[in-house]
Ligand code: NAI
């Protein structure tokens, strides 16, 4: 079998395969979904373009999708988050060799340039005809919305009958996307209409991507239906919270190995991720300060025992900074100039604009020294310096390997169920006017995902009696909570 792919080194496949094998043991949700649907093959005919951190856990997701009948092409959704051994193992496949790869086309390696990143995203949207007359994906599995936005951006330019100009004054990343759209439209003026038309729908992994989808739907510009995987309870209340509670320390430790106990840690944002990050740092004995814009989350932070103040106030006191907001310019160049010597500055939110890296680079007299990959010391003209992790991109995936398998089993079980659901019934996912909608998975599926993970932790669940269920007004088998319940 021959197919195109682009990864760092297929020689890493064996190491990747060992890690995948261990991860499978820690991902009971995905493995039981594989078993449940092995025969019925609900994803037969699905051609999934996946844009999600190419880690060991994602490898188990990819092989679950293919076990259910899907064809897949994969890219990472961040330039630093790929685990090269996982990417290699997926290309080689369980039965192939580095000389005769038999797995799945992956376009991802750790340390891509932005141009390479967008080329990889374009690769997953561009398939050769695989014998069924269809030369493109019919599903997207997205994390952060870059693949979805590329289709929408391309379609917008194409509909306007234009190719994007190559302007100098746009932010760097936007120019890269525009250059890519320009190139594709010059080659094929109908490219994006064809891509968009084939896509039945997208399942979106994270808060930031979901936010983009709702904006598109509100503007009436969403081209295909979407399932919001992030807001499954078994995703955002687990991955975003307990996942970051683990991986934020992993990122800090691998990057700097600084002792967290006793330090002042400043956490920007107290949503699901902020709660996990604050708990982790406090658990290590840090004195945690939270910044928030939402009075409810600010009050929660205060009642959880954290000091709540503004970044303007906290900048000069923190030893460790972590942004978790999904917003931009949360830590400005002025904040960084006011920080203590050797303060550690990092972001765990989806995009790199939470910390004003461009502003930092423009600071007069500043110099940048690489301590090691993804760890840089920025020294100000007065000799004081700060340590920035992963160039301001998400540090738990840039400096470490992201969330551990068990929590990702919850997230990815939701992803798989959402792909099955949307692939089978995309036409039902529309609003009252028949326009593509953004929807969360029904609660009984959320409860199913949780149920799949109980045995592995030795949890013994109490069962309602029929009378008790009647008294509470629920079914013995669930769902147990009304839609508005917040957990
Ligand atoms: P969320 O919406 O629950 O929390 C974000 C919080 O930040 C909100 O409470 C909001 O009020 C606050 N906030 C917004 N602007 C602010 C500002 N300027 N200053 C202070 N606080 C501000 O979102 P969630 O689920 O916690 O996700 C946050 C980010 O993390 C998103 O970009 C998401 O995509 C990403 N994410 C990253 C993961 C990782 O592994 N690195 C895992 C899950 C999510």
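Every residue gets a Cβ built from N, Cα and C, even glycine.
Among 119, 135, 143, 304, the residue that TrEMBL places alongside 55, 205, 235, 239 at the substrate binding site is 143. Annotated pair residue 239 (substrate binding site) and residue 292 (NAD(+) binding site), C-alpha to C-alpha distance, rounded: 21 Å. Per-residue confidence over the domain 'S-adenosyl-L-homocysteine hydrolase NAD binding' (240-402) averages out at a pLDDT of 98.
Minimal Cβ crowding within 10 Å, among the binding-site residues 271, 274, is found at 271. Considering only the binding-site residues 143, 205, 239, 292, the Cβ with the fewest other Cβ atoms within 10 Å is that of 292.
Checked against ligand 1, the binding-site residues 55, 143, 205 give no residue with a Cβ under 6 Å from it. Not a single one of the binding-site residues 240, 271, 274, 292 has a C-alpha within 10 angstroms of the C-alpha of residue 143 (substrate binding site). If you compare Cα positions, residue 205 (substrate binding site) sits closest to 350 out of the binding-site residues 274, 292, 350.
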